[in-house]
Structure formats: structure tokens, C-alpha cells
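Feature list (source: TrEMBL):
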ACT_SITE  114  active site
ACT_SITE  275  active site
ACT_SITE  305  active site
DOMAIN    108-189  domain 'Beta-ketoacyl-[acyl-carrier-protein] synthase III N-terminal'
DOMAIN    259-348  domain 'Beta-ketoacyl-[acyl-carrier-protein] synthase III C-terminal'
REGION    276-280  region 'ACP-binding'
Ligand code: ACO
């Protein structure tokens, strides 16, 4: 059995910067409220017309491929994690394959929201371990700005999220003890609806049985109806306090699981790269694990929460800053909608 390593990591963030004060032009909010609750100062929003989740993913992929010292023709599998795909279907993986003019390799899309990238990394790790593929491109990319509502009614959601992309190339590790040591994946669907976008979807019979959403007919229906759009039901929904409570339990749990599986303790971590959900969540986890500031990487202040893109963007920035060096013990951890949560422990 081979182990896999991250041979190249890259990221892309759009040029348009929106500060907290900029958001207060659209809704009743303030820089003070946002910074105090989330740590976010500004975020990037993609160009409305020119950029998509796929195009941002491509920019990040180009950097990761170059840093891995290969070309796009060496990629033999694509895994694309996003909750904001260009189309409802097909997924972004095939669009990336087409736009980058890659060979006719397999493309898999992953819909695991904030933990999507760590899940994708775990899938890629299995394919490298078995020897099925040699150079897997793993992408996490989000264009949240297009589906969010910038009115006061959605301010608890729309001040948190930003756009961007990150990517990694996974290859077989060449040194003994190097690479991804283990990955740990979990889910609990009991609260699936409390951090979710309920429409469009195929569940309208369950959610709308008392509402005249469908014509009275035996077959067929609509994934989305005009009244769902008008009422705001087709917007992202989040019960923030409930998410917070669960996240601060599951983050440390899955990090400790990864450490225990490899006979390490928190003291051995050189850098924790958590999903950038909320600075308060990361600080709480840091405190629980007893980690000093320089062992936890945070960049939510600049980018907001970029969901599936947040871990690879943070890892790429940490690598560029010289905080991820050969031999370091790096822990990636994520928690998000589903709920799903995951970790990966890497000997770089
Ligand atoms: N600006 C000003 N006021 C606001 C805003 C805003 N952007 N958003 C909400 N408020 C108001 C509310 O209307 C409410 O007012 P009221 O008391 O008059 O009704 C008040 O602030 C408190 O609202 P809550 O939603 O209870 O705010 P809370 O203090 O819980 O903070 C937050 C909200 C920041 C979302 C918090 O719950 C949180 O951090 N939750 C974790 C969720 C999270 O991090 N999600 C990230 C995505 S999921 C993931 O990545 C894991």
C-alpha cells in the first residue's frame, strides 16, 4: 500500500474586496457586530458575470499543478468539492476538465459543504493508496455571492460567506512516513435542515404539503416554485447558535481522533489549519487543545467563510508564508452543513 502526499497546493481569490462597512450599504449591520461575532473584516466577491465556481477552481488548479511540477496532462482524476456549482447538474468537475482541456479522465463532484475539501482529500488518498491513480487534482471552490441575499432579513448568513477557490495535487509519497497519515470522516443528519438551502430540491411534497405549490396532478412537479423564491424560502438558511454549539464539540473531537489514531497529542501539531467557519469557533478549539497562536492558521479576517474552499486557501497561504515545511505535522479539520465533519493528519 502506498501513502499519498500533497505535491502542490494553490489558491485563487477574486479581486473585489467588500469590507463590513461596504455590506452596511445593503443591509442593517455594522463592522463592530460582524468583527465581534465572527472575526471577519472583509471578504472577496467574484465578478458577477465573468467568474464562476469553475473558473475560480481552474485558477487555483493551475497554481497547484505548477507547484507539483507536472502539467494538466498528467492529471488522471479530478475531484471537485462545492456547494455552489455552476449548474444544478452536471457538476463542476466536468466543466473544469473541459475548460482546462484535460484528457478524458474521471471527474467526481463532492457535496459536503464546509467539510467537502477534507472529504475530497480522503477519497483521493484512497485512490492513490491502491495505486489506481497517480496525480489527482482536488479542488474546493465557491461562488456564494451569487446565491446570497443582501437584504437585512438574511444578514446573519450573508455577512459570513465569501468567494474563492483552493486546489491540491495528490501523488504517491516518496519518503517513508511522509504524506497523509490518516483521514477521519463523520456525519449526523439529525439536524440536516438547520444549515441548508432547502430549494431547489425534490422534497416539496414533504415541505409544502399544506401549500398550493404544485398543480393537482398525479406525476411531476417543480424543483422550485415562484412562491418559494418570493418568500425567501430558496435562500441559504442557518440557525447560527445551534451550528456554533455543535461545531465547538465536533472540531476538537475529530482532531483528537486523528491524533490518537497516529499516537500523537496536540503538543505534536506544528500547524492546525481549521475550516474558517468563524474566528470565535477556531479560537475556542485552539483554547481547548492548548495550542499557541502560531500553531493555528486563520485567514477568515480577509476572506470570510469560503466553505469547501476555506481549508485549501488557508493551507496554500500557510505554505506560501513558510508555515508548512517538510517534516511538519499538519492537521486539517472541518465541520459544516449536514452535519458532516472530518480531519486529516499529514506529515508534510
Ligand atoms: N448585523 C447586525 N445584527 C445582526 C446580524 C448582522 N449581520 N445578524 C444577526 N443580527 C442580530 C439578530 O437579528 C439578532 O437580533 P435580535 O436579538 O434583535 O433578534 C441578534 O443579532 C442576535 O442574533 P443571533 O443570530 O442569535 O446572533 P449570534 O450572536 O448567535 O451570532 C452568528 C450569529 C455570528 C452567526 C453566530 O451564531 C455564529 O457564529 N454561529 C456559528 C455559525 C457559523 O459560524 N456558521 C458558519 C457557517 S457554518 C460552518 O462553516 C460550520
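Using N, Cα and C of the backbone, Cβ positions are placed for all residues, glycine too.
Curation does not apply to TrEMBL; its annotations are automatic.
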DSSP residue counts for the region 'ACP-binding' (276-280), split into helix, strand and coil: 2 helix, 0 strand, 3 coil
Distant-in-sequence Cβ neighbours of residue 305 (active site), under 8 Å, six or more positions away: 40, 114, 160, 161, 162, 275, 276, 277, 278
Counts of helix, strand and coil residues, the domain 'Beta-ketoacyl-[acyl-carrier-protein] synthase III N-terminal' (108-189), according to DSSP: 29 helix, 29 strand, 24 coil
Counts by DSSP class (helix H/G/I, strand E/B, coil) across the domain 'Beta-ketoacyl-[acyl-carrier-protein] synthase III C-terminal' (259-348): 38 helix, 22 strand, 30 coil
